[in-house]
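Record features (TrEMBL):
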| type | residues | note |
| --- | --- | --- |
| BINDING | R59, T60, R109, H137, Q140, G265, P266 | carbamoyl phosphate binding site |
| BINDING | K87, R170, R224 | L-aspartate binding site |
| DOMAIN | 7-150 | domain 'Aspartate/ornithine carbamoyltransferase carbamoyl-P binding' |
| DOMAIN | 157-302 | domain 'Aspartate/ornithine carbamoyltransferase Asp/Orn-binding' |
Amino acid sequence: MSELSVKHLLGIKYLKETDIQLIFETADHFKEVINRSIKKVPSLRDITIANIFFENSTRTKLSFELAEKRLSADVLNFSASQSSVKKGETLIDTVNNILSMKVDMVVMRHPNPGAGIFLSKHVNAAIVNAGDGAHEHPTQALLDSYSIREKLGDVAGKNVVIVGDILHSRVALSNIFALKLQGANVKVCGPKTLLPKYVESLGVGVETNLRKAFEWCDVANMLRIQNERLDISYFPTTREYTQQFGINKKLLDSLDKEIVIMHPGPINRGVEITSDVADSKQSIILNQVENGVAIRMAVIYLLASKIK
Ligand code: CP
């Protein structure tokens with residue numbers, strides 16, 4: 001397959017397994033490019049991309065911007081907090097005004113689930129979902145699977161546990177879709193109050209004992225508590241959460257195998273993960289960030305080839 005089956009990247013749910021393989025093969029090429037002394041290719045000299053962020057971001061925003069610049073695209077950065085959205089302008093009006101400046105692609109982070117899907121039906125540009133509320137974060141899941149593939153050789157057949165606030169996590173849902181599509185075995189682990197009731201219908205196992213989850217897995221993806229999305233208390237105290245669902249070096253070293261530790265960031269050190277684990281040789285957290293640039297280059301390049 002030489003092109004994606006989709007015109008937009010709205011969620012992993014809409015991808016085929018062959019799309020993921022194509023993105024990974026393309027990212028392999030771009031990873032080689034960004035490790036050269038000249039880290040740039042002229043591929044998208046005729047493409048303009050707007051990054052519109054209605055929510056805070058460090059990794060995703062910078063990684064998309066760098067990916068676009070490495071591909072030689074023209075880049076517009078839009079932050080909702082400094083824009084006319086504050087004067088009441090709607091999402092569609094905002095984006096259509098940006099598009100009238102001859103923009104070809106929109107990368108959007110938005111607090112509302114489905115915002116990218118909505119936009120794709122109302123504007124004439126390729127849309128990339130950079131995280132929509134508690135729904136999906138497709139490029140994060142792609143870079144996570146790519147990092148597992150890089151570390152362990154393959155994703156198929158690997159046991160992956162996703163730990164923490166599954167209920168409010170777009171990273172969890174996109175990872176579940178991506179990992180299942182590639183043939184991994186997936187479990188989620190966390191307080192029952194933070195595990196969605198429907199999660200088993202996604203083909204995922206549930207484990208509420210962290211040690212048992214770690215004894216089962218090859219890879220543990222530790223998530224932070226999404227405090228900005230918690231409307232009520234889901235566990236008694238942060239201290240109690242950490243005792244039951246946080247990873248520390250003593251627990252990691254007590255396992256009879258070396259598991260791979262992942263985290264999408266931002267990390268709350270001392271809550272879901274201690275510093276000695278986050279910075280240990282078993283952690284691939286910064287490799288995930290590095291791979292994010294190559295994965296986003298691949299996604300943008302492949303989507304742009306469909307609008308040329
Ligand atoms: N992983 C991730 O989405 O991080 P940011 O919120 O900093 O973009």
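Each Cβ is built from the backbone N, Cα and C atoms, and glycine gets one as well.
Cβ packing within 10 Å was compared across the binding-site residues G265, P266, and the lowest neighbour count falls to P266. Every protein chain shown contributes to the tally, and the Cβ of T60 (carbamoyl phosphate binding site) ends up with 24 other Cβ atoms within 10 Å. For R109 (carbamoyl phosphate binding site), the nearest of the binding-site residues by C-alpha distance turns out to be R170; the candidates were K87, R170, R224. Comparing Q140 (carbamoyl phosphate binding site) with K87 (L-aspartate binding site), their Cα atoms are 32 Å apart once rounded.
In this entry, K87, R170, R224 make up the residues listed for L-aspartate, with the farthest two CA atoms of the set 33 Å from each other. Taking the centroid of the Cβ atoms of R59, T60, R109, H137, Q140, G265, P266 as the carbamoyl phosphate site, the other same-chain residues with Cβ within 8 Å of it are S57, T58, A130, G131, V171, P264. Each residue contributes its Cα atom, and for H137 (carbamoyl phosphate binding site) and R170 (L-aspartate binding site) those atoms are 5 Å apart.
In this structure, the binding-site residues that sit close to ligand 1, with a C-beta under 6 angstroms from any of its atoms, are R59, chosen from R59, R109, R170, R224. If you compare Cα positions, T60 (carbamoyl phosphate binding site) sits closest to R170 out of the binding-site residues K87, R170, R224.
Here the Cα atom of R170 (L-aspartate binding site) is found 13 Å from that of G265 (carbamoyl phosphate binding site). Under a cutoff of 8 A between CB atoms, and with a sequence separation of 6+ in the same chain, the neighbours of R224 (L-aspartate binding site) are G164, D165, H263, P266, I267, N268, V271, E272.
Take the CB of R109 (carbamoyl phosphate binding site) and look out to 10 A: across all protein chains shown you find 25 other CB atoms.
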